[in-house]
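What Swiss-Prot records for this protein:
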type	residues	note
BINDING	GLU214, ARG216, ASN233, ASP234	Ca(2+) binding site
COMPBIAS	41-50	compositional bias 'Basic and acidic residues'
COMPBIAS	53-64	compositional bias 'Pro residues'
COMPBIAS	83-92	compositional bias 'Basic and acidic residues'
DISULFID	CYS154-CYS245	disulfide bond
DISULFID	CYS223-CYS237	disulfide bond
DOMAIN	27-99	domain 'Collagen-like'
DOMAIN	131-247	domain 'C-type lectin'
CARBOHYD	ASN20	N-linked glycosylation site
CARBOHYD	ASN206	N-linked glycosylation site
MOD_RES	PRO29	4-hydroxyproline
MOD_RES	PRO32	4-hydroxyproline
MOD_RES	PRO35	4-hydroxyproline
MOD_RES	PRO41	4-hydroxyproline
MOD_RES	PRO53	4-hydroxyproline
MOD_RES	PRO56	4-hydroxyproline
MOD_RES	PRO62	4-hydroxyproline
MOD_RES	PRO66	4-hydroxyproline
MOD_RES	PRO69	4-hydroxyproline
REGION	32-101	region 'Disordered'
SIGNAL	1-19	signal peptide
Amino acid sequence: MWCSLALILILVTVSGIMCNRTDFCVGSPGIPGTPGSHGLPGRDGRDGVKGDPGPPGPMGPPGVMPGFPGCNGMNGIPGAPGERGDKGDPGERGPPGLPASLDEEIQTIFHNLKHKILQLTGVLSLQGSMLAVGDKVFATNGQSVDFNAIKETCARAGGDVAAPRNSEENTAISSIVKKYNIYSYLGLTEGHTPGDFHYLDGSPLNYTNWYPGEPRGRGKEKCAEMYLDGTWNDKNCLQSRLTICEF
């Protein structure tokens with residue numbers, strides 16, 4: 001009997017069979033079976049994180065409809081002036097101009113002014129301080145100064161130093177010189193060549209009335225003066241002479 005129990009225990013140990021209180025047995029793990037077939041596809045997963053932009057694609061074909069015009073650009077740099085064009089044809093003749101004003105008040109003022117000028121001219125002529133010859137008027141202020149001062153005085157008054165261009169003008173200047181009994185400078189100056197005088201504007205003399213033997217300053221006397229008899233003499237420009245201007 002004890003031998004039978006021992007044998008039973010050995011078999012139980014070897015086979016690893018265990019029984020629980022519910023009267024069923026749990027055996028040791030068996031050999032794995034063959035894999036089963038694939039199941040049905042699962043549901044879509046959630047959207048992943050947004051990736052980086054991809055490279056630009058190739059340029060597409062031209063569109064069918066033109067785009068809207070762009071805004072005006074900035075003004076460019078002005079170009080070089082072009083060549084002068086040909087003279088155009090004369091325009092049509094304009095209508096006749098209006099007649100000169102016949103306003104009585106203006107005419108009265110004009111005549112009064114003209115009368116006063118004639119009166120002033122006459123008074124100065126009687127005093128010997130102003131003489132009109134042709135289109136010229138010769139006048140003096142009675143002062144004796146050097147040549148540069150005379151030239152400045154005449155310029156301030158709107159005239160020039162008196163310079164006769166014919167015998168009639170020479171006689172008029174001479175009469176003023178005699179009136180004041182003082183020699184006067186003339187509007188002449190000597191050039192680079194000794195004895196070669198010209199007018200202050202640079203034009204050559206078209207009339208002369210030199211005293212016999214004059215000019216003979218040999219380049220040292222750059223100005224010209226008038227004697228009481230109306231003849232001329234070359235003289236240095238620093239002497240005091242009668243101021244006579246022409247207008």
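Cβ from N, Cα, C; glycine included.
Other C-beta atoms found within 10 angstroms of the C-beta of PRO29 (4-hydroxyproline) number 5, with every protein chain shown included.
Taking the Cβ of ASN233 (Ca(2+) binding site) as centre and 10 Å as the limit, one finds 19 other Cβ atoms among all the protein chains shown.
Helix, strand and coil residue tallies for the compositional bias 'Basic and acidic residues' (41-50), in that order: 0 helix, 0 strand, 10 coil [DSSP].
Residues of the region 'Disordered' (32-101) grouped by DSSP class, helix first, strand second and coil last, total 0 helix, 0 strand, 70 coil. Across the structure, CYS223 (disulfide bond) and ASN233 (Ca(2+) binding site) place their CA atoms 9 angstrom apart. Summary of the Ca(2+) site environment: with the site residues GLU214, ARG216, ASN233, ASP234 set aside, the chain residues having Cβ atoms within 8 Å of the Cβ mean position are TRP210, TYR211, GLY213, PRO215, GLY217, GLU221, ALA224, TRP232, LYS235.
Residue counts for the domain 'C-type lectin' (131-247) by DSSP state, with H, G and I taken as helix and E and B as strand, are 24 helix, 39 strand, 54 coil. Here the candidates are the binding-site residues GLU214, ARG216, ASN233, ASP234. The one whose C-alpha lies nearest to that of PRO69 (4-hydroxyproline) is ASP234. Within the same chain, no residue at least 6 positions away from PRO35 (4-hydroxyproline) has a Cβ under 8 Å from its Cβ. Taking the C-alpha positions, the distance from PRO56 (4-hydroxyproline) to ASP234 (Ca(2+) binding site) comes to 100 Å.
Mean pLDDT for the domain 'Collagen-like' (27-99) in this predicted model: 76. Within the same chain, no residue at least 6 positions away from PRO41 (4-hydroxyproline) has a Cβ under 8 Å from its Cβ. In sequence order, ARG165 constitute the residues six or more apart from ASN206 (N-linked glycosylation site) in its chain with CB-CB distances below 8 Å. In this structure, the CA atom of PRO66 (4-hydroxyproline) is 92 Å away from the CA atom of ASP234 (Ca(2+) binding site).
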